[in-house]
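To start, the structure itself, in structure tokens.
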């Protein structure tokens, strides 16, 4: 488990489309240096749906090596095929992952009973703790608060990344979970309200680009310093808006390139950020950088 910030890492590619492991190591070092306490490999931001199993394993092994115990390694092992998710989770544990982040099965549109059966089967087979991932805008299905409450009774289902974007859902989640179960915010523009409701941190896209500022925001909230937290959240909002002006991870890869990390373009079916949107993103970053100085 972690508190504070876990970065949903972007996956760097070379110009030929192959993994850029040098950039991968540099990105991880930057995250740890800035105080990030968790690293998510192969999630949405990491283009988990378009990297191969071999690439996923290569990224995971290298992340474990570079982090060397300095951050919690979280593997994105979700699938809409329960058996595939089970095997991927077991393999991730063998390679050194300390936790698995498992998204709700997409496209199938499971019932709540199906979601309970799906996650229970994965948890029963998993040697490491699971973080449920609720992101209905991408998957077409939402975890009901009552479902999360039931799943939270499983000893290996220990956390939830709540990315519905609905503050009222967060409130309902907190009303249904048992003591000791951890909720993390999954939306960078809602870190303050989610943590005010009791989330223990954020699984962040923003922290790829501004890890230190994201950590400062989360740490202020953990310390109960709402004034400082509000200041950070407000300053970061223009950048956050532009980081989601096109579908994630298109903008974050453009932002990382601007920061000097050779992450390359996203893989098809995603394409690089439009020139107009990128100009707005870079302008927002420049303005934020000026405010920080």
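First residue shown is number 1, and so on along the chain.
Every residue gets a Cβ built from N, Cα and C, even glycine.
Residues or ranges marked as active site, proton donor/acceptor in Swiss-Prot (evidence: sequence analysis): 133. The active site, schiff-base intermediate with substrate annotation in Swiss-Prot covers 161. Residues annotated as pyruvate binding site in Swiss-Prot: 45, 203. Look at Swiss-Prot and you will find 44, 107 tagged as site 'Part of a proton relay during catalysis', backed by sequence analysis.
Projection of Swiss-Prot feature records onto the structure.
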residue: 44; record: site 'Part of a proton relay during catalysis'; contacts (Cβ under 8 Å, 6+ apart): 8, 76, 103, 135, 138, 248, 249
residue: 45; record: pyruvate binding site; contacts (Cβ under 8 Å, 6+ apart): 8, 9, 10, 205, 208, 248, 249, 252
residue: 107; record: site 'Part of a proton relay during catalysis'; contacts (Cβ under 8 Å, 6+ apart): 80, 139, 140
residue: 133; record: active site, proton donor/acceptor; contacts (Cβ under 8 Å, 6+ apart): 43, 78, 101, 102, 103, 104, 160, 161, 163, 186
residue: 203; record: pyruvate binding site; contacts (Cβ under 8 Å, 6+ apart): 6, 7, 8, 38, 40, 43, 101, 161, 163, 184, 185, 186
For residue 44 (site 'Part of a proton relay during catalysis'): DSSP state (helix, strand, coil): coil
Cβ atoms near residue 161 (active site, schiff-base intermediate with substrate) (within 10 Å, other residues, all chains): 27
Where the residue listed as 'active site, proton donor/acceptor' sits in the secondary structure, as DSSP reduces it to three classes: strand
